[in-house]
Amino acid sequence: MTLTLLSFGPGGWGSTLLIGALMTIAVAVTSFAFGLVPGALAAMASRSPHAWLRALALVYTTLVRGIPELLVIYLFFFGTSSMIMAIVRLSFGYGGYIEVNAFAIGVLSVGLISGAYSAEVIRGAIASVPKGQVEAAMALGLKRWVIVSRILFPQALRVALPGLNNVWQTTLKDTSLISVTGLAEIMRSANMAAGVTHEPFTFYLVAALIYLLFTWGSARLFARAEIFSGRGLKEARP
Amino acid sequence: MNFQMILESFPTLLEGVRLTLELALLSVSTGLVLAIGLTVARQSRFVALQLLAKGYVFVFRGTPLLVQLFLLYYGLSQFDAVRASIFWVVLRDPFWCSTIALALNTAAYVSEIIRGGVLSVPSGHIEAAHAVGMSRLTIMRRVVIPVAARQALPAYGNELILMIKATSLASTVTLLEVTGIARQIISRTYAVFEVFIAAGVIYLLINMVAVVAVHVADAWLHPERRRPPNTMPVRNA
């Protein structure tokens, strides 16, 4: 194990690893944020009076939570390009190989996985807001949007934060699986460095430490957010 | 989409089920034993043991399973001492590396689940057991474990499903379990959706069995919910 391998100079892999680490953050944040969209939609659908919407939400969350993440990533990795190629071939007559951006595939697949877990958290959080709060807001004549943004959302967010923290941590770790698509996030960067230098332990250890730093750091951020969102409540004071 | 292709890929994929199940069962059972050890260490009087267990949980929950697996399978081969040691027979084998990585990983999560269950046992129950003169072992066996197990089972069921899904990572270290075979068929036939559906159905079925097993265990742990025996059906007059 030599430290010069991790330097930023020539022959060092420091910059590759740094870019990989930044890519991991970028793809994790985007996937998590993107996942909140199907998550919120599924949460709303599961509380809908229409049976088919509830069934749709159930199918989405059950399927995604019951099928391995890696398999879902393979589906999008191999599936989207073959689908786009088929469409292009049919409409433009171009039969060549088209590769879809690995970042987009990563965000799409990990985001959809993350969304299935977010859905449960969001649904529970919305259900935790007492009915009287919404009824009081309606009685005051507040508009639908104002009720959602000023009454429902702030109170639900406080309840959702611990659960969302869990989903975020899982999403962050799931991004390591995107390395199979060739996206140069931290895992892929460590792979490349390990292959060239024949020092796999060194580089995977560095990757592990970077993940540990990210999960630890973001857990602290969430803890602060929980304190902030509970500032109006007695029991939440530190 | 080709329905024929889905049916054709099933038999090939089913060949991987055995390996998937072996990985899951072996790692879940070893992981449970490790987790119990970790929980005991976490509750011990020795600060060093407590810190060790805490550090273990922190590291294994804070890093992706894929990194842990790669460190074990690809990483350790970097050291000549490891390659020369008697452990090399195990550590060069992708099956054992996957099993060890999965077991070490799940142990960290399960120890937290067990700890939550044990902490949920009201101290009054334990004091009452002391008061009627139960020994420490009897208290564990008759009071703490049954109550803690009930509390922990739902979370443990979730972890079981996560573990079954996690066995798919073994395909990244050349093992041909269900996901590995699925990848192989896809790269040969380009029938992405058909193979995905077939493999997905297999995983869903395995997970369904796990869910049912957890339900059965839950019913067994809650004797109070059972219908009392020999009751006559009550007719509403």
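For all residues, glycine too, the Cβ spot is worked out from N, Cα and C.
Marked as transmembrane segment by TrEMBL: A:12-39 (among others).
If you look up TrEMBL, you'll see A:21-222 marked as domain 'ABC transmembrane type-1'.
The transmembrane segment feature in TrEMBL is assigned to A:51-67 (among others).
The transmembrane segment feature in TrEMBL is assigned to A:73-92 (among others).
Sequence-distant neighbours of the transmembrane segment (A:99-119) (same chain, 6+ residues past either end, Cβ-Cβ under 8 Å): 26-28, 30-32, 34-40, 42-43, 46, 57, 60-61, 63-65, 69, 72-73, 75-77, 80-81, 84, 164, 166-167, 170-171, 174-175, 177-178, 181-183, 185. For A:99-119 (among others), the entry in TrEMBL reads transmembrane segment.
Summarising the annotation, TrEMBL assigns transmembrane segment to A:201-223 (among others).
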Cβ contacts under 8 Å made by the transmembrane segment (A:51-67) with residues that lie 6+ beyond its boundaries: 38, 41-43, 45, 112-113, 115-117, 119-120
Same-chain residue ranges lying at least 6 outside the transmembrane segment (A:201-223) that approach it to Cβ under 8 Å: 1-2, 5-6, 13, 17, 20-21, 24-25, 28, 161-162, 164-165, 168-169, 172-173, 176, 186-187, 189-191, 193-194
